[in-house]
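Working notes for the structure below.
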Amino acid sequence: MATSRTVRLFHSPIRSSSRSFMDLKALLSSLNDFASLSFAESWDNVGLLVEPSPPHTVNTLFLTNDLTEEVMEEALQKKADLILSYHPPIFRPMKHVTWKTWKERLVIRALENRVGIYSPHTAYDAAPQGVNNWLAQGLGVCTSRPIQPSQAPNHPTDGTHRVEFSVNQTQDLDRVMSEVKRIGDISLTSFSARVDDEEQTRISLNCSQKALMQVVAFLSQNRQLYQKTEILSLEKPLLLHTGMGRLCTLDEPVSLATMIERIKRYLKLPHLRLALGVGRTLESRVEVVALCAGSGSSVLRGVQADLYLTGEMSHHDILDAASQGINVILCEHSNTERGFLSDLRDRLGAHLENKINIILSETDRDPLRVI
């Protein structure tokens, strides 16, 4: 007698045979080339947070805005080798790694399953092709610049300080030059200069903070050899398209009501929160928008604009903005960030020459709901 059996088919992610693996270290280097971690805020915890024992190769890169336990389960089911979590799941130092708290459990599960965790956070906020730039695209055609420009990672010249002084007597020049050169970690030049109708040799040297102390010590002990000393701090140049927040000027101003609809449509949100500026209505003109993805209080505070756009702000910062006639739109923290991941997937795919699979989390979502 024949029997029938029911066969159940389960979907499981298939690794594409057309993709190759990347060594973790090579991938991290490429990610840093895409958006340098040097642009992250000093208080942030960015980079590789969890590393499986080497060697570790990556076939599947999994993108999420927040790494929760539900998202971790999804990443493991989809055979992720590295999780790129925009927000760092490890921020404050851990004194132990047990099964007691959810963040500790994330670390345990990642290591048990040989999955790395990487977080770019504010480095992606500042990047020219990063989160804030993506958010600005939802406003309409506009020109934008960072509200708080980043400094270049390196000085345009060697050293952090420049010291200039004149040598009084020509016969003292060789001694001064010889002594200063012994200090090390400096670059030294000299040129002729006329001071008070007297020809003198001007010494100019660039040096590190550490070397500066030695230069000053030498000069203080040999005051008879020099005069007219200047010490300058060499600032790193500001980057025009890199930094926190964006100040956007629309090519064609629109009403506040129109801008609200643009933002809701771009972020795929049925609702957002609005604080009308004093004396403003939904028909008020919007030409300049100051925005900051995530939590914008510290970046937007004091900026002159018709509208502030961010995820969340403190109650009192909202009151301050509204008192100045500035409208405020809040969309909840991660709703101003998460949509960037789709753009990131495409950009990283091109940057990495499609060498690995890049997939988006389907369970990642903002924890707040309007009910």
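Here the Cβ of each residue, glycine as well, is placed from N, Cα and C on the backbone.
Annotations in TrEMBL come from automatic prediction, not curation.
Noted in TrEMBL for the protein shown:
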BINDING   His87, Asp125, His333, Glu337  divalent metal cation binding site
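Structure coloured by features recorded in TrEMBL.
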| residue | record | contacts (Cβ under 8 Å, 6+ apart) |
| --- | --- | --- |
| His87 | divalent metal cation binding site | Asn65, Asp66, Leu67, Ser119, His121, Ser334 |
| Asp125 | divalent metal cation binding site | Val131, Asn132, Met244, Ala293, Gly294 |
| His333 | divalent metal cation binding site | Gly294, Ser295, Gly311, Glu312, Asp366 |
| Glu337 | divalent metal cation binding site | Asn65, Tyr86, Val131, Ala293, Gly294, Gly311 |
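Taking the mean position of the Cβ atoms of His87, Asp125, His333, Glu337 as the divalent metal cation site, the remaining residues of that chain whose Cβ falls within 8 Å of it are Asn65, Tyr86, His121, Val131, Ala293, Gly294, Ser295, Gly311, Ser334, Thr336.
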